[in-house]
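Step one of this worksheet: look at the structure below.
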Amino acid sequence: MSEYRIQGMTGEWEVVVGLEVHAQVTSNSKLFSGAATAFGAEPNTQVSLVDAAMPGMLPVPNRECIRQAVRTGLAINAQINKWSRFDRKNYFYADLPQGYQISQLYHPLVGEGEIEISLDDKNPEADVKRIGIERIHVEQDAGKLMHDQHPTMSYVDLNRSGVALMEIVSRPDIRSPAEAGAYLAKLRTILRYVGSCDGNMDQGSMRADVNVSVRRPGEPFGTRTETKNVNSVRFVMAVVESEARRQIDLIEDGGTVVQETRLYDPDKNETRSMRSKEDAHDYRYFPDPDLLPLVLDDAFIEECRASLPELPDAKRHRYENALGLAPYAAGVLTADVETARWFEALLAAAAAKAGKPEAELAKQASNWLISELFGALNKLGKGLADSPVTAEGGAELLALIADGTISGSIAKQVLEKMLETGDGAAAIVEREGLKQTSDTGAIEAAIDKVLADNAAKVEEYKGGKEALFGFFVGQTMKAMQGKSNPQVVNELLRKKLG
Amino acid sequence: MTNLTDLTVAAIRDGVAAGTFSAVEVAEAFNARVAAAQALNAFIVTTPEAALDAARKVDADRAAGNALGKLAGVPIGMKDLFATKGVQTTAASHMLEGFTPQYESTVSQKLWDAGAGMLGKLNLDQFAMGSSNETSYFGNVISPWRRNDGSTAAMAPGGSSGGSSAAIAARLCPAATGTDTGGSIRQPAAFTGISGIKPTYGRCSRWGIVAFASSLDQAGPMARDVRDCAIMLEAMAGFDPKDSTSLDMAVPNWEASLNADMKGKKVGIPREYRVDGLDADVAKSWDDGIAWLKDAGAEIVEISLPHTKYALPAYYIIAPAEASSNLARYDGVRYGLRDLPDGANLQEMYAATRAAGFGAEVKRRILIGTYVLSAGFYDAYYTQAQKVRALIARDFELAFQHCDVILAPTAPTAAFGLGEKTADPLAMYLNDVFAVPASLAGLPAMSVPAGLNREGLPLGLQIVGRPFDEQGVLNAGLAIEARAQFSAKPEQWW
C-alpha cells in the first residue's frame with residue numbers, strides 16, 4: 001500500500017485516523033427494556049416505562065443484545081471479556097430521559113481485535129493492512145429531538161431511547177481517506193455477515209465518529225479532533241481529507257489544532273467546531289448500581305462462536321481455493337453477504353441441475369452473475385435484493401447454456417426477456433424459438449452460402465490469412481440468427497475450408 | 001369489645017379468617033383513626049376507599065370459601081416512595097407533587113395480592129434523605145411520643161420512614177412498608193418503640209420504588225412486633241426478574257419458623273460500637289439486651305468490626321454519588337414539576353425546575369454526589385469509599401466466623417426534638433452511625449423495642465445477621481421482645 005502523503009506549503013504531512021463506529025444491534029427489543037426497536041415507527045410508540053425513566057424503573061440486560069455484541073467480537077478475533085460491567089455516563093439533555101447513558105467505560109464486553117482491509121478490491125495484488133480494534137462496548141442510544149414541530153418548543157421522540165448500540169473503537173492505525181473508507185466498508189460487511197447490525201447508514205443504524213490528526217511522517221501524534229455522527233463511507237473519507245487539510249493549513253499558518261468536537265457539513269464539504277475541550281462535559285462515569293457485573297460462561301461464548309456464519313475473508317479464500325475463482329471475482333462476490341448468499345444459491349441450483357460438482361460450474365456461474373446479471377440489473381436500477389430473476393431462475397438459464405440448448409449470446413437475449421417478463425428461461429427459449437440447432441444439414445447449407453458469397457476472402461484464408469476463420473464463423477452464426485451450435489459451426493467450417 | 005386498632009397484624013389476619021370480625025370493620029376502624037390523626041401529619045394522602053375495597057374483597061372471598069392471602073383483611077400504610085397505580089406518589093417532594101404512576105411497585109403489588117389494603121401514602125423524608133422526617137415537602141411528621149416531663153415539644157419520629165413509624169406507634173395502622181438505605185427503617189422504629197427489619201439486599205424488589213441509592217436501598221416491613229414483621233416480610237420478599245439485583249432465592253416461611261430459643265447461638269458484641277460518650281440509657285439498654293439474650297440461652301462473644309469508624313464517611317460518599325445520578329431524571333421534561341420561566345432555554349428550565357422541585361437536603365446530597373464523582377476527585381472519594389465498603393463487608397464476614405448474630409444499639413440516642421438538629425447536618429447524619437455498616441454490607445438487620453429512657457422515650461436494639469439469615473435476626477429479635485416486655489405506648493394527645 002503506497003504511503004498517503006499530503007503536500008503542504010512546508011512539506012509533507014501524514015494523517016492519522018481512528019474511528020469510533022456506533023452500530024445499532026439487530027434485536028427486537030432494547031438493551032435494558034422490552035420495548036420494540038423497529039425503524040420509522042410513529043414517535044413515542046416504542047417506549048417503555050424504563051425508556052422514559054419513570055420513577056423507580058430499573059434496567060434489565062437483554063441477552064440477545066449481549067449475544068450479538070459477543071458474536072461481533074468473535075468475528076473480529078477479539079478477546080471476549082467474561083467479566084464486564086456497565087457504567088453510567090451522566091449528562092443532562094432532553095433526549096436522555098435518565099440523565100445518564102448506560103455504557104461501558106471501565107470494563108468493556110469485548111477487548112482487542114482486528115480487521116483486515118485491502119485498499120484496492122479490484123487489485124488482487126494489493127497489500128492487506130490490519131487495523132486494530134481497541135474494544136467494543138455496548139450502550140444505550142438516546143432519543144431524538146424534533147425542532148420543527150412547534151414555533152418555540154422542541155419535541156422529543158423516545159423511540160430510539162434505550163436501543164442497543166455497539167461502539168466499535170479502532171486503534172489510530174488508519175493513514176488515509178481510502179483506508180478509512182475501506183475499514184468502514186469492511187466493518188459493515190462483517191456486521192452484516194454476522195447479522196449483528198443491518199449496517200444501514202442512511203437510517204442511522206451505523207454512524208462513525210472520526211478522529212483525525214496530522215503529523216510530519218515519523219513524528220509523534222498531533223492533537224486530534226473528533227467529527228461526530230458521520231453517516232456514510234463517502235462522508236467519512238471526505239471528513240478525513242478535509243479535516244486533515246484544515247489542520248495542515250492551520251498549523252502551517254502558525255496556528256495550533258485544538259482538541260474539540262466537530263460536525264461535518266456535507267453541502268460545504270467541511271467540518272466546523274461544535275464544542276471545545278474547555279466546555280466538554282464531565283461525565284462522572286461510575287458503575288451502574290442498578291446492574292450486576294455481566295458474567296459470561298464458556299458455554300454462552302461457545303454458542304455465540306458456533307452460531308457465526310462463514311466470514312468474508314474465509315469465504316473469499318474458499319472461493320479462490322476450492323472453487324477456483326479469480327481473486328477479483330471472489331472479492332466481488334463476498335463483498336456483501338447478500339451477494340454471496342445469492343451466488344451460493346445459484347451455484348448449488350446449477351450444480352444440482354447439471355449433476356456436476358460445484359467447482360466445475362463455479363467460474364461459469366460467477367462470470368454470468370458478475371458480467372451479465374449485475375450489468376442488466378444495473379441498467380434497470382435494481383440490485384440483487386429486488387432482482388426479478390431468482391438464483392433458481394439463473395441456474396435454469398445456466399443449465400440451458402451448459403447443455404447446448406442455447407448459446408451464450410442467445411442467453412443474453414433470454415436474460416433480458418426474463419427480467420422483462422419474470423418468466424423462466426426454458427419457457428422463453430421455447431416460446432421465442434431460441435433453441436440453437438445442431439442440424440448439420442441446415443448449418444452446412446448456410447456455410448456453403450457464406451463461402452460462396454465471400455469467395456475472395458476464402459482465397460485469402462487459404463493463402464494463409466487464418467484470422468479470417470472468425471469472420472466465417474460470425475457470418476454463419478448471423479445467417480443462422482445465432483441459433484446454431486457454435487461448436488458444430490466450427491467443425492463444419494474447418495472441414496469445408498480444408 | 002376489642003379495640004380493633006390495637007390488634008397486631010397476626011391478630012387481625014386470624015380474626016378475619018375466623019370471622020370474629022370482618023375485614024370491612026377493621027378497615028373502617030383504621031380509616032377513622034387515620035382521619036382523626038391529622039395532627040401527626042403521618043400521611044401525605046389517605047386512601048380510605050382503597051382500604052375498604054380490599055376489605056370487601058377479602059370478606060367476599062371468605063364468604064365464598066376462597067383461600068385467603070397471608071395478609072387478608074390487614075390494612076396497612078404505604079411509604080410514599082412506592083409507586084402506587086392511580087395514587088399520587090411523591091417521595092415527599094415538590095418535584096413529584098401530583099405525579100400519579102400508571103404502574104404499581106412490585107412490593108406493594110405483592111402486599112395487595114396477599115390481601116392487604118392501603119390506608120394511604122405515608123410521609124417520609126424527601127426522597128428518603130433524612131433522619132427526622134423534617135425534609136418532607138409536605139411538612140414534618142410529629143411523633144406520637146412526648147417526653148415524660150410534661151413538655152409538649154414535638155419529637156422526631158425518625159427518618160426517613162417517619163410516617164410509617166409514627167403511624168404504627170399511634171395505632172393508625174398495624175403495619176407499614178419502609179425502605180432502608182442507611183437506617184431508614186431501623187432508626188425510626190427505634191425512635192417510636194416499634195419493630196422493623198431491613199432484609200438482605202436483594203430480598204425485596206426495588207422495581208417501582210423511587211430510587212435514592214440503588215446499591216443500598218432495600219424495602220422492609222415495620223410493625224409492632226417481630227411476628228408481624230415476619231408475616232409482612234414474607235409477603236413483600238421474592239425474586240423479581242424486573243430488578244437485576246433481586247435475589248433469585250425462595251422466600252422462607254419466617255413466621256412458621258420463629259423460635260426465641262437462643263441455645264447454641266452466639267451473639268457478637270462489637271467493641272467498636274461502644275464509643276466514648278455513648279448515651280448512658282442507650283448503653284444500659286444494650287446491656288439489658290445482652291442479659292436477655294444470655295437468658296434465652298445464647299453465648300455472648302466480643303467481636304471486632306475494625307472499620308466501623310469509616311462506615312459513615314463512606315456511606316455519605318456512596319449514597320449521594322448514586323443519588324446525584326438517580327435524581328437526574330427529574331428534569332421537568334417528561335413528568336413531575338416543570339418550571340419554565342419566560343423565554344427560558346433547556347438549561348434554564350432544568351435549573352429552575354430542579355431549584356424549585358428539590359429541598360435543601362436533597363440539593364446538598366446531589367452536590368456532594370456530583371462532587372465526589374467529578375474528574376479529579378473520583379478516585380480520592382468514590383473509589384476510596386468503595387474500598388472502605390469492601391473492608392466493612394469483610395469485617396462482618398470475619399465476625400460471623402465467631403458469632404451468629406450481632407447485637408448493638410439501633411441509634412446513639414433516643415428521639416430528639418424536631419428542629420434540634422436541622423442546623424447541623426453532620427449531627428443529623430451521626431444518628432445513623434450504628435445503622436449504616438449493615439447497609440453497606442447488605443446484611444439483614446432489625447430494630448426491636450428495648451424499653452424507655454429516663455425521658456420516657458423508646459430505645460431500640462439492633463440485630464444484624466449473616467446474608468440471607470433473616471430467620472436468625474427475627475429469632476433473636478423475638479428473644480429480646482419476649483424479655484423486654486415492651487408495652488408502653490404513646491399517650492394520645494392528638
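The backbone N, Cα and C atoms fix where each Cβ goes, and this holds for glycine too.
Features of the protein shown, as given by TrEMBL:
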ACT_SITE  B:Lys79  active site, charge relay system
ACT_SITE  B:Ser160  active site, charge relay system
ACT_SITE  B:Ser184  active site, acyl-ester intermediate
DOMAIN    B:25-474  domain 'Amidase'
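Structure with TrEMBL features highlighted.
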| residue | record | DSSP class |
| --- | --- | --- |
| B:Lys79 | active site, charge relay system | strand |
| B:Ser160 | active site, charge relay system | coil |
| B:Ser184 | active site, acyl-ester intermediate | coil |
Residues near B:Ser160 (active site, charge relay system) by Cβ (under 8 Å) yet at least 6 apart in sequence within the same chain, in sequence order, are B:Leu124, B:Asp125, B:Ala128, B:Met129, B:Gly130, B:Ser131, B:Asn133, B:Thr179, B:Thr181, B:Ser184, B:Pro188
Which one of these active-site residues has the most other Cβ atoms within 10 Å of its own Cβ: B:Lys79, B:Ser184? B:Ser184
